[in-house]
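Taken straight from TrEMBL:
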type: TRANSMEM; residues: B:7-27; note: transmembrane segment
type: TRANSMEM; residues: B:47-71; note: transmembrane segment
type: TRANSMEM; residues: B:83-103; note: transmembrane segment
type: TRANSMEM; residues: B:109-129; note: transmembrane segment
type: TRANSMEM; residues: B:160-178; note: transmembrane segment
type: TRANSMEM; residues: B:208-234; note: transmembrane segment
type: TRANSMEM; residues: B:246-271; note: transmembrane segment
type: TRANSMEM; residues: B:277-297; note: transmembrane segment
Amino acid sequence: MLELKNIAAGYGPVRVLHGLSLTVRPGEITCLLGRNGAGKTTAMKAIMGLLPLASGQVLLDGEDIGRLPAHEVPRRGIGYIPQGRRLFSDLTVAQNLEIGMRCRHSPPEVRDRVLEMFPRLADRMGQRAGTLSGGEQQMLATARALCVDPRVLLLDEPTEGLQPSMIALIRDTVLRLRDEGVAILLVEQRLDAVLATADRAVILENGAVRAEADAAELRAEPDLLRRHLGV
Amino acid sequence: MRGGRLIGLHLGLVAVLFALNFVLPAYSHGTVARVMVLATYAMGYNILFGYTGLLSLGHAMFFAAGMYGLAMPMTHLGLGAGPALLTGIGSAAVLSLGVGLLALRTRGVAFMIVTLMFSQAAWLTILLAGRWTRGDEGVVIPQADRMLLGLDLSDPSTRYLAALALFSAVLFGTLWLVRQPIGRVLVAIRENEDRAELLGYDTFRHKLGAVVLSGTVSGAAGAAYGLFFGYAGASFAETHYSIFPLLWVLLGGAGTVIGPFLGTLFMFYLIDLTSGLTPAYMLVAGVALVLLTLFAPQGLAGEIRRRWWRGLP
(Lines of atoms letter the chains of each structure in order from A and count residues from 1; the text may use other names and numbers.)
(Lines give C-alpha, C1' and ligand atoms only; values in the text may rest on other atoms or scores of the structure.)
Protein backbone atom coordinates (compact mmCIF):
# COMPACT_ATOMS: atom_id res chain seq x y z
CA MET A 1 0.00 0.00 0.00
CA LEU A 2 1.23 3.47 -0.91
CA GLU A 3 0.38 6.36 1.39
CA LEU A 4 1.12 10.03 0.94
CA LYS A 5 0.98 11.83 4.27
CA ASN A 6 0.70 15.57 4.17
CA ILE A 7 3.40 16.04 1.53
CA ALA A 8 4.60 19.41 0.32
CA ALA A 9 6.78 19.65 -2.79
CA GLY A 10 7.41 21.80 -5.83
CA TYR A 11 9.96 23.18 -8.23
CA GLY A 12 12.59 25.24 -6.45
CA PRO A 13 10.86 28.07 -4.63
CA VAL A 14 7.50 27.35 -6.32
CA ARG A 15 5.43 25.11 -4.05
CA VAL A 16 2.87 23.01 -5.97
CA LEU A 17 1.74 20.42 -3.43
CA HIS A 18 0.44 21.78 -0.15
CA GLY A 19 -0.11 18.98 2.35
CA LEU A 20 -1.34 16.30 -0.06
CA SER A 21 -2.53 13.08 1.58
CA LEU A 22 -3.89 10.04 -0.21
CA THR A 23 -3.80 6.25 -0.11
CA VAL A 24 -3.38 3.82 -3.02
CA ARG A 25 -4.43 0.32 -2.00
CA PRO A 26 -3.48 -3.04 -3.56
CA GLY A 27 -6.03 -4.29 -6.08
CA GLU A 28 -7.50 -0.84 -6.49
CA ILE A 29 -7.35 1.85 -9.17
CA THR A 30 -7.17 5.34 -7.73
CA CYS A 31 -7.72 8.08 -10.29
CA LEU A 32 -6.07 11.40 -9.69
CA LEU A 33 -8.07 14.23 -11.23
CA GLY A 34 -7.82 17.96 -11.40
CA ARG A 35 -7.41 20.91 -13.69
CA ASN A 36 -4.10 21.77 -15.30
CA GLY A 37 -1.66 22.88 -12.64
CA ALA A 38 -3.55 21.14 -9.81
CA GLY A 39 -0.47 19.05 -9.00
CA LYS A 40 -1.24 15.60 -10.49
CA THR A 41 2.05 15.07 -12.32
CA THR A 42 3.95 16.81 -9.52
CA ALA A 43 2.49 14.31 -7.06
CA MET A 44 3.76 11.42 -9.21
CA LYS A 45 7.21 12.99 -9.51
CA ALA A 46 7.32 13.50 -5.75
CA ILE A 47 6.44 9.83 -5.18
CA MET A 48 9.19 8.79 -7.58
CA GLY A 49 11.81 10.89 -5.81
CA LEU A 50 12.24 13.29 -8.72
CA LEU A 51 11.28 16.25 -6.55
CA PRO A 52 12.50 16.82 -3.00
CA LEU A 53 9.83 16.79 -0.29
CA ALA A 54 9.64 19.97 1.77
CA SER A 55 7.62 18.06 4.35
CA GLY A 56 5.49 14.95 4.78
CA GLN A 57 6.04 11.26 4.12
CA VAL A 58 5.66 8.80 1.27
CA LEU A 59 5.07 5.37 2.82
CA LEU A 60 5.32 2.12 0.88
CA ASP A 61 3.98 -0.68 3.07
CA GLY A 62 5.00 1.39 6.08
CA GLU A 63 8.53 2.23 4.88
CA ASP A 64 9.22 5.92 4.30
CA ILE A 65 10.59 6.17 0.76
CA GLY A 66 10.04 9.91 0.45
CA ARG A 67 13.66 10.89 0.70
CA LEU A 68 15.28 8.05 -1.21
CA PRO A 69 17.26 8.87 -4.37
CA ALA A 70 15.11 8.48 -7.48
CA HIS A 71 16.84 5.28 -8.65
CA GLU A 72 16.03 3.53 -5.33
CA VAL A 73 12.25 4.04 -5.67
CA PRO A 74 11.63 1.64 -8.60
CA ARG A 75 13.84 -0.91 -6.87
CA ARG A 76 11.23 -0.95 -4.09
CA GLY A 77 8.65 -2.04 -6.68
CA ILE A 78 7.08 1.15 -7.97
CA GLY A 79 6.63 1.39 -11.72
CA TYR A 80 6.05 4.73 -13.43
CA ILE A 81 4.79 5.43 -16.92
CA PRO A 82 5.20 9.15 -17.48
CA GLN A 83 3.34 11.31 -19.94
CA GLY A 84 4.88 11.18 -23.40
CA ARG A 85 6.21 7.58 -23.18
CA ARG A 86 9.92 8.45 -23.22
CA LEU A 87 11.33 5.29 -24.68
CA PHE A 88 14.98 4.67 -25.43
CA SER A 89 14.38 5.17 -29.12
CA ASP A 90 17.78 3.95 -30.32
CA LEU A 91 17.42 0.62 -28.50
CA THR A 92 15.31 -2.24 -29.80
CA VAL A 93 12.06 -3.41 -28.22
CA ALA A 94 13.91 -6.35 -26.65
CA GLN A 95 16.63 -4.08 -25.26
CA ASN A 96 14.07 -1.66 -23.80
CA LEU A 97 12.41 -4.56 -21.99
CA GLU A 98 15.79 -5.91 -20.85
CA ILE A 99 16.63 -2.53 -19.30
CA GLY A 100 13.34 -2.65 -17.42
CA MET A 101 13.97 -6.17 -16.13
CA ARG A 102 17.59 -5.79 -15.14
CA CYS A 103 17.31 -3.29 -12.32
CA ARG A 104 15.17 -5.60 -10.18
CA HIS A 105 16.58 -8.80 -11.65
CA SER A 106 13.11 -9.81 -12.77
CA PRO A 107 12.89 -13.47 -13.86
CA PRO A 108 12.19 -14.30 -17.54
CA GLU A 109 8.61 -15.26 -16.63
CA VAL A 110 7.88 -11.59 -16.01
CA ARG A 111 8.83 -10.75 -19.58
CA ASP A 112 6.82 -13.69 -20.92
CA ARG A 113 3.77 -12.48 -19.01
CA VAL A 114 4.23 -8.93 -20.31
CA LEU A 115 4.58 -10.15 -23.90
CA GLU A 116 1.45 -12.22 -23.46
CA MET A 117 -0.37 -8.96 -22.56
CA PHE A 118 1.11 -7.20 -25.61
CA PRO A 119 1.64 -9.90 -28.25
CA ARG A 120 2.27 -7.31 -30.96
CA LEU A 121 5.55 -6.43 -29.25
CA ALA A 122 6.69 -10.03 -29.49
CA ASP A 123 6.68 -9.66 -33.28
CA ARG A 124 8.81 -6.54 -33.11
CA MET A 125 11.52 -7.49 -30.64
CA GLY A 126 14.37 -6.56 -32.99
CA GLN A 127 12.83 -3.26 -34.11
CA ARG A 128 14.17 0.04 -32.80
CA ALA A 129 11.70 1.65 -30.40
CA GLY A 130 11.87 5.00 -32.19
CA THR A 131 10.39 3.43 -35.34
CA LEU A 132 7.26 2.03 -33.62
CA SER A 133 3.83 3.61 -34.08
CA GLY A 134 2.44 5.80 -31.29
CA GLY A 135 0.22 3.02 -29.97
CA GLU A 136 3.04 0.49 -30.05
CA GLN A 137 5.29 2.94 -28.23
CA GLN A 138 2.71 3.26 -25.46
CA MET A 139 2.50 -0.54 -25.32
CA LEU A 140 6.27 -0.70 -24.97
CA ALA A 141 6.35 2.04 -22.31
CA THR A 142 3.72 0.11 -20.35
CA ALA A 143 5.44 -3.22 -20.93
CA ARG A 144 8.79 -1.84 -19.82
CA ALA A 145 7.31 -0.48 -16.59
CA LEU A 146 5.70 -3.88 -15.96
CA CYS A 147 9.08 -5.59 -16.42
CA VAL A 148 10.01 -4.06 -13.07
CA ASP A 149 7.27 -6.39 -11.69
CA PRO A 150 5.72 -3.52 -9.73
CA ARG A 151 3.61 -3.66 -6.59
CA VAL A 152 2.49 -0.12 -7.29
CA LEU A 153 2.04 1.35 -10.77
CA LEU A 154 1.77 5.05 -11.55
CA LEU A 155 0.37 6.01 -14.95
CA ASP A 156 0.28 9.59 -16.18
CA GLU A 157 -2.34 9.92 -18.92
CA PRO A 158 -1.51 6.61 -20.59
CA THR A 159 -4.22 6.90 -23.26
CA GLU A 160 -3.40 10.41 -24.43
CA GLY A 161 -3.38 10.64 -28.22
CA LEU A 162 -4.15 6.96 -28.82
CA GLN A 163 -6.73 5.42 -31.15
CA PRO A 164 -9.79 3.74 -29.54
CA SER A 165 -8.56 0.14 -29.99
CA MET A 166 -5.30 1.01 -28.26
CA ILE A 167 -7.13 2.82 -25.46
CA ALA A 168 -9.21 -0.32 -24.88
CA LEU A 169 -6.06 -2.46 -24.77
CA ILE A 170 -4.37 -0.19 -22.23
CA ARG A 171 -7.56 -0.05 -20.14
CA ASP A 172 -7.92 -3.85 -20.17
CA THR A 173 -4.28 -4.18 -19.12
CA VAL A 174 -4.76 -1.77 -16.22
CA LEU A 175 -7.88 -3.65 -15.09
CA ARG A 176 -6.04 -6.97 -15.30
CA LEU A 177 -3.17 -5.64 -13.21
CA ARG A 178 -5.66 -4.33 -10.68
CA ASP A 179 -7.25 -7.79 -10.49
CA GLU A 180 -3.79 -9.28 -9.92
CA GLY A 181 -3.41 -7.08 -6.83
CA VAL A 182 -1.29 -4.23 -8.14
CA ALA A 183 -2.01 -0.84 -6.54
CA ILE A 184 -2.60 1.64 -9.35
CA LEU A 185 -2.51 5.43 -9.32
CA LEU A 186 -3.81 6.81 -12.59
CA VAL A 187 -3.84 10.37 -13.85
CA GLU A 188 -6.57 10.61 -16.47
CA GLN A 189 -8.26 13.59 -18.14
CA ARG A 190 -11.02 11.69 -19.92
CA LEU A 191 -14.02 11.37 -17.62
CA ASP A 192 -15.48 8.37 -19.50
CA ALA A 193 -12.21 6.51 -18.88
CA VAL A 194 -12.34 7.44 -15.21
CA LEU A 195 -15.87 6.15 -14.89
CA ALA A 196 -14.95 2.92 -16.71
CA THR A 197 -11.88 2.07 -14.65
CA ALA A 198 -11.66 3.92 -11.35
CA ASP A 199 -12.37 2.29 -8.02
CA ARG A 200 -11.82 5.63 -6.39
CA ALA A 201 -11.34 9.17 -7.64
CA VAL A 202 -9.35 11.83 -5.86
CA ILE A 203 -9.80 15.40 -7.05
CA LEU A 204 -6.90 17.78 -6.56
CA GLU A 205 -7.06 21.52 -6.38
CA ASN A 206 -4.09 23.75 -5.63
CA GLY A 207 -1.96 20.81 -4.60
CA ALA A 208 -4.33 19.35 -2.01
CA VAL A 209 -7.29 16.97 -2.03
CA ARG A 210 -10.54 18.78 -2.68
CA ALA A 211 -12.87 15.77 -2.84
CA GLU A 212 -12.88 11.96 -2.95
CA ALA A 213 -15.46 9.51 -4.24
CA ASP A 214 -15.59 5.71 -4.57
CA ALA A 215 -16.77 3.76 -7.62
CA ALA A 216 -20.36 3.37 -6.36
CA GLU A 217 -20.67 7.12 -5.82
CA LEU A 218 -19.14 7.88 -9.20
CA ARG A 219 -21.50 5.57 -11.07
CA ALA A 220 -24.56 6.60 -9.11
CA GLU A 221 -23.87 10.24 -9.74
CA PRO A 222 -21.76 10.70 -12.91
CA ASP A 223 -22.11 14.48 -12.69
CA LEU A 224 -20.16 14.47 -9.44
CA LEU A 225 -16.85 14.70 -11.27
CA ARG A 226 -18.08 17.35 -13.69
CA ARG A 227 -19.32 19.43 -10.78
CA HIS A 228 -16.01 19.25 -8.92
CA LEU A 229 -13.88 19.72 -12.01
CA GLY A 230 -16.07 22.44 -13.44
CA VAL A 231 -16.22 20.90 -16.93
CA MET B 1 24.84 -15.20 -37.14
CA ARG B 2 24.50 -11.47 -36.51
CA GLY B 3 27.23 -11.66 -33.88
CA GLY B 4 29.37 -13.61 -36.36
CA ARG B 5 29.00 -10.89 -39.00
CA LEU B 6 29.95 -8.23 -36.48
CA ILE B 7 33.01 -10.05 -35.24
CA GLY B 8 33.91 -10.81 -38.86
CA LEU B 9 33.76 -7.11 -39.74
CA HIS B 10 35.99 -6.06 -36.86
CA LEU B 11 38.38 -8.99 -37.31
CA GLY B 12 38.54 -8.11 -40.99
CA LEU B 13 39.61 -4.56 -40.14
CA VAL B 14 42.33 -5.85 -37.83
CA ALA B 15 43.47 -8.34 -40.49
CA VAL B 16 43.71 -5.60 -43.14
CA LEU B 17 45.72 -3.41 -40.77
CA PHE B 18 47.99 -6.36 -39.99
CA ALA B 19 48.55 -7.04 -43.68
CA LEU B 20 49.34 -3.36 -44.30
CA ASN B 21 52.34 -3.72 -41.99
CA PHE B 22 54.07 -5.70 -44.73
CA VAL B 23 53.16 -3.59 -47.77
CA LEU B 24 53.01 0.06 -46.72
CA PRO B 25 55.86 2.38 -47.68
CA ALA B 26 57.87 3.81 -44.78
CA TYR B 27 56.01 7.13 -44.50
CA SER B 28 52.51 5.62 -44.55
CA HIS B 29 53.65 2.88 -42.22
CA GLY B 30 54.44 5.46 -39.54
CA THR B 31 51.27 7.40 -40.31
CA VAL B 32 48.97 4.39 -39.93
CA ALA B 33 50.68 3.44 -36.65
CA ARG B 34 50.00 6.98 -35.43
CA VAL B 35 46.39 6.81 -36.67
CA MET B 36 45.82 3.56 -34.76
CA VAL B 37 47.02 5.12 -31.49
CA LEU B 38 44.95 8.27 -32.05
CA ALA B 39 41.95 6.13 -33.04
CA THR B 40 42.35 4.38 -29.69
CA TYR B 41 42.11 7.80 -28.08
CA ALA B 42 38.98 8.50 -30.15
CA MET B 43 37.46 5.15 -29.10
CA GLY B 44 38.00 6.14 -25.47
CA TYR B 45 36.29 9.44 -26.16
CA ASN B 46 33.46 7.64 -27.94
CA ILE B 47 32.61 5.61 -24.82
CA LEU B 48 31.73 8.84 -23.05
CA PHE B 49 30.36 10.92 -25.90
CA GLY B 50 29.00 8.41 -28.40
CA TYR B 51 27.51 5.87 -26.01
CA THR B 52 26.83 7.78 -22.78
CA GLY B 53 25.97 11.14 -24.36
CA LEU B 54 28.38 13.24 -22.28
CA LEU B 55 30.23 15.83 -24.34
CA SER B 56 33.63 16.51 -22.79
CA LEU B 57 35.84 19.34 -24.00
CA GLY B 58 38.69 18.32 -21.78
CA HIS B 59 39.83 14.88 -22.85
CA ALA B 60 43.29 16.15 -23.75
CA MET B 61 44.04 16.16 -20.01
CA PHE B 62 43.51 12.38 -19.87
CA PHE B 63 45.62 11.81 -22.99
CA ALA B 64 48.35 14.02 -21.52
CA ALA B 65 48.02 12.39 -18.08
CA GLY B 66 48.83 9.04 -19.69
CA MET B 67 51.67 10.55 -21.69
CA TYR B 68 53.29 12.44 -18.80
CA GLY B 69 52.43 9.69 -16.32
CA LEU B 70 54.68 7.51 -18.50
CA ALA B 71 57.37 10.04 -19.40
CA MET B 72 57.96 11.62 -15.98
CA PRO B 73 58.84 8.41 -14.08
CA MET B 74 60.97 7.24 -17.01
CA THR B 75 62.88 10.53 -17.13
CA HIS B 76 63.20 11.34 -13.44
CA LEU B 77 63.01 7.96 -11.71
CA GLY B 78 64.58 5.78 -14.35
CA LEU B 79 61.51 3.53 -14.49
CA GLY B 80 61.39 0.94 -17.27
CA ALA B 81 58.88 1.18 -20.10
CA GLY B 82 56.58 -1.54 -18.74
CA PRO B 83 56.05 -0.10 -15.24
CA ALA B 84 55.94 3.43 -16.74
CA LEU B 85 53.16 2.35 -19.07
CA LEU B 86 51.21 1.28 -15.99
CA THR B 87 51.90 4.55 -14.14
CA GLY B 88 50.73 6.42 -17.24
CA ILE B 89 47.47 4.49 -17.44
CA GLY B 90 47.04 4.71 -13.66
CA SER B 91 47.56 8.50 -13.72
CA ALA B 92 44.79 8.90 -16.28
CA ALA B 93 42.49 6.61 -14.27
CA VAL B 94 43.01 8.56 -11.05
CA LEU B 95 42.63 11.91 -12.81
CA SER B 96 39.45 10.83 -14.57
CA LEU B 97 37.99 9.59 -11.28
CA GLY B 98 38.70 12.95 -9.61
CA VAL B 99 37.43 14.99 -12.56
CA GLY B 100 34.37 12.75 -12.93
CA LEU B 101 33.40 13.09 -9.26
CA LEU B 102 33.40 16.87 -9.58
CA ALA B 103 32.31 17.46 -13.18
CA LEU B 104 29.36 15.05 -13.02
CA ARG B 105 27.71 17.34 -10.50
CA THR B 106 26.81 19.31 -13.62
CA ARG B 107 24.99 18.44 -16.83
CA GLY B 108 24.91 19.53 -20.47
CA VAL B 109 26.73 22.76 -21.31
CA ALA B 110 28.00 23.13 -17.74
CA PHE B 111 29.68 19.71 -18.00
CA MET B 112 31.42 20.82 -21.20
CA ILE B 113 32.66 24.01 -19.56
CA VAL B 114 33.83 22.27 -16.39
CA THR B 115 35.80 19.65 -18.33
CA LEU B 116 37.31 22.39 -20.51
CA MET B 117 38.40 24.32 -17.41
CA PHE B 118 39.96 21.24 -15.81
CA SER B 119 41.81 20.57 -19.04
CA GLN B 120 43.11 24.13 -19.22
CA ALA B 121 44.28 23.79 -15.62
CA ALA B 122 46.10 20.56 -16.53
CA TRP B 123 47.79 22.21 -19.52
CA LEU B 124 48.87 25.19 -17.39
CA THR B 125 50.17 22.82 -14.74
CA ILE B 126 52.39 21.14 -17.34
CA LEU B 127 53.72 24.53 -18.43
CA LEU B 128 54.20 25.83 -14.89
CA ALA B 129 55.97 22.69 -13.78
CA GLY B 130 58.56 23.23 -16.52
CA ARG B 131 61.39 22.24 -14.22
CA TRP B 132 60.18 18.65 -14.47
CA THR B 133 58.09 18.66 -17.65
CA ARG B 134 60.37 20.94 -19.69
CA GLY B 135 57.30 23.09 -20.48
CA ASP B 136 56.71 23.82 -24.15
CA GLU B 137 59.77 21.87 -25.27
CA GLY B 138 58.48 18.62 -23.88
CA VAL B 139 60.37 15.49 -22.96
CA VAL B 140 62.17 13.21 -25.38
CA ILE B 141 62.24 9.56 -24.36
CA PRO B 142 65.59 8.11 -25.49
CA GLN B 143 65.49 5.31 -28.03
CA ALA B 144 67.35 2.99 -25.66
CA ASP B 145 64.59 3.29 -23.06
CA ARG B 146 61.78 2.38 -25.42
CA MET B 147 62.07 -1.35 -24.82
CA LEU B 148 58.98 -3.26 -23.74
CA LEU B 149 59.11 -6.99 -22.95
CA GLY B 150 62.32 -7.22 -24.94
CA LEU B 151 60.77 -5.50 -27.96
CA ASP B 152 62.37 -2.38 -29.42
CA LEU B 153 59.49 0.05 -29.92
CA SER B 154 61.64 2.42 -31.94
CA ASP B 155 61.71 -0.23 -34.68
CA PRO B 156 58.92 0.77 -37.15
CA SER B 157 57.49 -2.72 -37.60
CA THR B 158 57.48 -3.48 -33.87
CA ARG B 159 55.92 -0.10 -33.15
CA TYR B 160 53.26 -0.70 -35.80
CA LEU B 161 52.36 -4.10 -34.37
CA ALA B 162 52.31 -2.74 -30.82
CA ALA B 163 49.97 0.05 -31.96
CA LEU B 164 47.81 -2.58 -33.69
CA ALA B 165 47.72 -4.69 -30.51
CA LEU B 166 46.55 -1.71 -28.44
CA PHE B 167 44.02 -0.67 -31.10
CA SER B 168 42.64 -4.21 -31.42
CA ALA B 169 42.31 -4.66 -27.65
CA VAL B 170 40.31 -1.44 -27.30
CA LEU B 171 38.27 -2.14 -30.46
CA PHE B 172 37.15 -5.57 -29.25
CA GLY B 173 36.84 -4.33 -25.67
CA THR B 174 34.43 -1.63 -26.86
CA LEU B 175 32.53 -4.11 -29.03
CA TRP B 176 32.15 -6.40 -26.03
CA LEU B 177 31.14 -3.56 -23.72
CA VAL B 178 28.39 -2.14 -25.90
CA ARG B 179 26.82 -5.57 -26.38
CA GLN B 180 26.64 -6.17 -22.64
CA PRO B 181 23.65 -5.03 -20.53
CA ILE B 182 25.87 -2.31 -19.05
CA GLY B 183 26.43 -0.94 -22.56
CA ARG B 184 22.68 -0.74 -23.09
CA VAL B 185 22.31 1.15 -19.81
CA LEU B 186 24.86 3.70 -21.05
CA VAL B 187 22.84 4.13 -24.25
CA ALA B 188 19.67 4.43 -22.14
CA ILE B 189 21.32 7.23 -20.15
CA ARG B 190 22.29 8.93 -23.39
CA GLU B 191 18.74 8.65 -24.70
CA ASN B 192 16.94 9.72 -21.53
CA GLU B 193 18.81 9.95 -18.27
CA ASP B 194 15.77 10.69 -16.11
CA ARG B 195 13.92 7.71 -17.52
CA ALA B 196 16.88 5.41 -16.86
CA GLU B 197 16.93 6.63 -13.28
CA LEU B 198 13.20 5.95 -12.98
CA LEU B 199 13.83 2.37 -14.03
CA GLY B 200 16.13 1.99 -11.03
CA TYR B 201 19.56 2.80 -12.42
CA ASP B 202 22.01 4.90 -10.43
CA THR B 203 22.91 7.10 -13.36
CA PHE B 204 25.63 9.00 -11.48
CA ARG B 205 27.56 5.78 -10.84
CA HIS B 206 27.15 4.64 -14.41
CA LYS B 207 28.29 8.00 -15.78
CA LEU B 208 31.24 8.05 -13.39
CA GLY B 209 32.21 4.58 -14.60
CA ALA B 210 31.99 5.82 -18.18
CA VAL B 211 34.19 8.85 -17.41
CA VAL B 212 36.81 6.66 -15.72
CA LEU B 213 36.80 4.05 -18.48
CA SER B 214 36.90 6.70 -21.19
CA GLY B 215 39.66 8.65 -19.41
CA THR B 216 41.69 5.50 -18.78
CA VAL B 217 41.51 4.37 -22.41
CA SER B 218 42.44 7.90 -23.52
CA GLY B 219 45.33 7.83 -21.05
CA ALA B 220 46.46 4.44 -22.36
CA ALA B 221 46.54 5.95 -25.85
CA GLY B 222 48.54 8.93 -24.53
CA ALA B 223 51.03 6.68 -22.75
CA ALA B 224 51.38 4.50 -25.85
CA TYR B 225 51.89 7.57 -28.04
CA GLY B 226 54.68 8.80 -25.78
CA LEU B 227 56.36 5.40 -25.71
CA PHE B 228 55.95 4.53 -29.39
CA PHE B 229 57.01 7.92 -30.76
CA GLY B 230 59.44 8.89 -27.99
CA TYR B 231 58.04 12.25 -27.03
CA ALA B 232 55.72 13.86 -24.47
CA GLY B 233 54.80 17.49 -25.16
CA ALA B 234 52.54 20.14 -23.66
CA SER B 235 50.81 20.63 -27.03
CA PHE B 236 49.03 17.29 -26.47
CA ALA B 237 47.29 18.85 -23.46
CA GLU B 238 46.04 21.88 -25.39
CA THR B 239 42.39 22.46 -26.22
CA HIS B 240 42.70 21.36 -29.83
CA TYR B 241 43.65 17.89 -28.62
CA SER B 242 40.28 17.82 -26.86
CA ILE B 243 38.50 18.93 -30.03
CA PHE B 244 40.23 16.39 -32.29
CA PRO B 245 38.62 13.27 -30.79
CA LEU B 246 35.23 14.99 -30.92
CA LEU B 247 35.72 15.67 -34.63
CA TRP B 248 37.05 12.19 -35.34
CA VAL B 249 34.10 10.60 -33.55
CA LEU B 250 31.54 12.86 -35.22
CA LEU B 251 33.00 12.23 -38.68
CA GLY B 252 33.34 8.50 -38.17
CA GLY B 253 30.01 8.05 -36.42
CA ALA B 254 29.29 8.66 -32.74
CA GLY B 255 28.06 5.59 -30.91
CA THR B 256 29.59 3.15 -33.40
CA VAL B 257 32.55 0.92 -32.58
CA ILE B 258 34.33 1.28 -35.89
CA GLY B 259 33.47 4.97 -36.44
CA PRO B 260 36.30 6.55 -34.41
CA PHE B 261 38.87 4.71 -36.53
CA LEU B 262 37.22 5.77 -39.80
CA GLY B 263 36.99 9.38 -38.61
CA THR B 264 40.60 9.52 -37.45
CA LEU B 265 41.87 7.92 -40.64
CA PHE B 266 39.77 10.19 -42.85
CA MET B 267 40.75 13.41 -41.07
CA PHE B 268 44.42 12.47 -40.78
CA TYR B 269 44.75 11.69 -44.47
CA LEU B 270 42.56 14.59 -45.57
CA ILE B 271 44.90 17.08 -43.88
CA ASP B 272 48.00 15.12 -44.86
CA LEU B 273 47.11 14.96 -48.55
CA THR B 274 45.73 18.48 -48.93
CA SER B 275 48.69 20.03 -47.10
CA GLY B 276 50.91 18.59 -49.86
CA LEU B 277 48.78 20.24 -52.54
CA THR B 278 48.08 23.73 -51.26
CA PRO B 279 49.00 26.04 -48.41
CA ALA B 280 45.25 26.61 -47.96
CA TYR B 281 44.83 22.99 -46.91
CA MET B 282 42.76 23.87 -43.85
CA LEU B 283 40.23 25.56 -46.15
CA VAL B 284 39.98 22.42 -48.28
CA ALA B 285 39.69 20.29 -45.15
CA GLY B 286 37.01 22.62 -43.81
CA VAL B 287 34.94 22.40 -47.02
CA ALA B 288 35.25 18.62 -47.02
CA LEU B 289 34.09 18.48 -43.42
CA VAL B 290 31.10 20.73 -44.14
CA LEU B 291 30.11 18.52 -47.09
CA LEU B 292 30.44 15.39 -45.01
CA THR B 293 28.37 16.93 -42.24
CA LEU B 294 25.68 17.91 -44.76
CA PHE B 295 25.47 14.59 -46.59
CA ALA B 296 26.44 12.16 -43.82
CA PRO B 297 25.26 13.85 -40.62
CA GLN B 298 25.57 10.66 -38.61
CA GLY B 299 29.18 10.15 -39.64
CA LEU B 300 30.60 7.50 -41.93
CA ALA B 301 29.75 4.42 -39.87
CA GLY B 302 26.53 6.09 -38.68
CA GLU B 303 25.39 6.39 -42.30
CA ILE B 304 26.28 2.76 -42.96
CA ARG B 305 24.13 1.86 -39.99
CA ARG B 306 21.26 4.11 -41.10
CA ARG B 307 21.22 2.96 -44.70
CA TRP B 308 22.38 -0.66 -44.80
CA TRP B 309 23.17 -2.26 -41.48
CA ARG B 310 20.74 -1.34 -38.70
CA GLY B 311 22.37 -3.63 -36.18
CA LEU B 312 25.87 -2.15 -36.50
CA PRO B 313 26.92 -1.35 -32.93
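Each Cβ is built from the backbone N, Cα and C atoms, and glycine gets one as well.
Ranking B:160-178, B:246-271, B:277-297 by CB pairs under 8 A with the transmembrane segment (B:208-234) puts B:160-178 at the top. Outside the transmembrane segment (B:83-103), and at least 6 residues removed from its termini, the chain residues within Cβ reach (under 8 Å) are 58, 61-63, 65-71, 73-74, 111, 114-115, 118, 122, 148, 207-208, 211-212, 214-216, 218-220, 222-224, 226-227. Count of Cβ pairs under 8 Å against the transmembrane segment (B:7-27): among B:47-71, B:109-129, B:160-178, the largest is for B:160-178.
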